[in-house]
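Enquirer: This structure is in structure tokens; I'll ask about it shortly.
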Amino acid sequence: MSGGGPSGGGPGGSGRARTSSFAEPGGGGGGGGGGPGGSASGPGGTGGGKASVGAMGGGVGASSSGGGPSGSGGGGSGGPGAGTSFPPPGVKLGRDSGKVTTVVATVGQGPERSQEVAYTDIKVIGNGSFGVVYQARLAETRELVAIKKVLQDKRFKNRELQIMRKLDHCNIVRLRYFFYSSGEKKDELYLNLVLEYVPETVYRVARHFTKAKLITPIIYIKVYMYQLFRSLAYIHSQGVCHRDIKPQNLLVDPDTAVLKLCDFGSAKQLVRGEPNVSYICSRYYRAPELIFGATDYTSSIDVWSAGCVLAELLLGQPIFPGDSGVDQLVEIIKVLGTPTREQIREMNPNYTEFKFPQIKAHPWTKVFKSSKTPPEAIALCSSLLEYTPSSRLSPLEACAHSFFDELRRLGAQLPNDRPLPPLFNFSPGELSIQPSLNAILIPPHLRSPAGPASPLTTSYNPSSQALTEAQTGQDWQPSDATTATLASSS
């Protein structure tokens, strides 16, 4: 969800509130794409914690304890119901607001269930063409949340909501609740997504270091990118392609280094044989097949985008800063060289007869001129930024890459002496995606002490100490299913 900046603009600020040492003042959005298969959205700044899912049931009634208007809920599991406007008229949008707003919301995940949710301290932290993002505090738990408010077409279910309701992973922003509210105009309906709040973005963290003329510390690049690839492995296993991977959509907690993928406004369940629009993804991070106008692309477009993010963190600037769709392709060719006819056919067969200027590939070691760039990082980049979509690494193959070996070492920690965030709390579902990689993905010190170090054989029974070292998170389920999954990979 890019900001509404002028066409051809650079990556804008995130528009988020100042909340930590990494925070910067909010900025404007970036530009839109152009040329063949031009992106409809540029690499603009985005608002705070965002997400989505389809319009299922859950009517809304909203009220304010300070005497604001109240409304009746409506709608059931078949579609959205109308309630009162959000924020209610008369409720001050400011940090000092003592007003408490109560709505009847539907729980974000699990069986459909409605409950009253009260929140306070409402303030705007982001906006764009998609709508508005507010920050609020849940009255009962005092937990900060982000509330993304988008105009809902009553004729259709909201794809973002449908997708968000089915996703449950420690590296994906969690949908807590959702509710509907009416707008100022007659029959105007809004969907409000109540999401967990994460204070920063990779974009702003990287900009913090860039402004200080520094490159983001390599340990942070490893921790952030590993979690991004893990989130992609999960959503791709669910058949979902994000279609807008960029630093602004990667939320991070600067203290714990936990990363959560957000903004599923462009996401889609890809079905083989069904066409998809090519004018998606912010320009700097668009896979070449999208620039060529392909409509039968795969989730490997997310892998290309992730490769662009990795390169940007290593370089301190975007690797392919095109001013338009065509210029974007020129920037890619300047690094990868002119694609062969076979590579063009793999991206879009309609362009095989198009005459491109013959340019040799630029050596990756010269792309990353700094001697401080680890060879493993360069090797990983080159394996992600491939013209042929099927030649790119899968997200889990990226997680298993030697660039991330440091994270799998016993005793690895963050520069602030905190433990690494949860990296190895794999669910049985994750371990079943590419079982042949499990022997690499699970660090040696977390494997069963009775079995050989590699490959894994009959079981995986981590000790309590090993679980502590793994910083176990919500996805870990030490059950018979885990043992069975690992056993099947031998």
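Cβ coordinates are placed from backbone N, Cα and C, and glycine is handled just like the others.
Source: prediction; values computed, not measured.
Residues or ranges marked as compositional bias 'Gly residues' by Swiss-Prot: 1-15, 25-82. Per Swiss-Prot, the feature region 'Disordered' maps to 1-97, 451-490. As annotated by Swiss-Prot, ATP binding site applies to Ile125, Gly126, Asn127, Gly128, Ser129, Phe130, Gly131, Val132, Val133, Lys148, with the evidence given as sequence analysis. If you look up Swiss-Prot, you'll see Tyr279 marked as phosphotyrosine. Taken from Swiss-Prot, the feature compositional bias 'Polar residues' covers 455-480. The compositional bias 'Low complexity' annotation in Swiss-Prot covers 481-490.
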Enquirer: In this structure, which of the binding-site residues Asn127, Ser129 has the fewest other Cβ atoms within 10 Å of its Cβ?
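Expert: Comparing Cβ neighbour counts within 10 Å for the binding-site residues Asn127, Ser129 gives Ser129.
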Enquirer: Sorry to bug you, but what's the C-alpha spacing from the residue listed as 'phosphotyrosine' to Asn127 (ATP binding site), rounded to the closest Å?
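Expert: Their Cα atoms are separated by 21 Å.
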Enquirer: Comparing the binding-site residues Ile125, Val133, which residue's C-beta has the most other C-beta atoms within 10 angstroms in this structure?
Expert: Val133
Enquirer: Using DSSP, would you call Ser129 (ATP binding site) helix, strand or coil?
Expert: coil
Enquirer: Rounded to the nearest angstrom, how far is the Cα of Tyr279 (phosphotyrosine) from the Cα of Ser129 (ATP binding site)?
Expert: 16
Enquirer: Most Cβ neighbours within 10 Å: which of the recorded positions Gly131, Tyr279 is it?
Expert: Gly131
Enquirer: Take the C-alpha atoms of Ile125 (ATP binding site) and Tyr279 (phosphotyrosine) and report the distance between them in angstrom, rounded.
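Expert: About 27 Å separate the Cα atoms of these two residues.
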Enquirer: Distance check, please: Cα of Gly131 (ATP binding site) against Cα of the residue listed as 'phosphotyrosine', rounded to an integer number of angstrom.
Expert: 20
Enquirer: For the ATP binding site, please report the maximum Cα-Cα distance among Ile125, Gly126, Asn127, Gly128, Ser129, Phe130, Gly131, Val132, Val133, Lys148 in Å.
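Expert: Farthest Cα pair among residues binding ATP: 14 Å.
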Enquirer: Could you measure between Val133 (ATP binding site) and Tyr279 (phosphotyrosine) for me? Cα positions, answer in whole angstrom.
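Expert: Checking the Cα atoms of Val133 (ATP binding site) and Tyr279 (phosphotyrosine) gives a distance of 24 Å.
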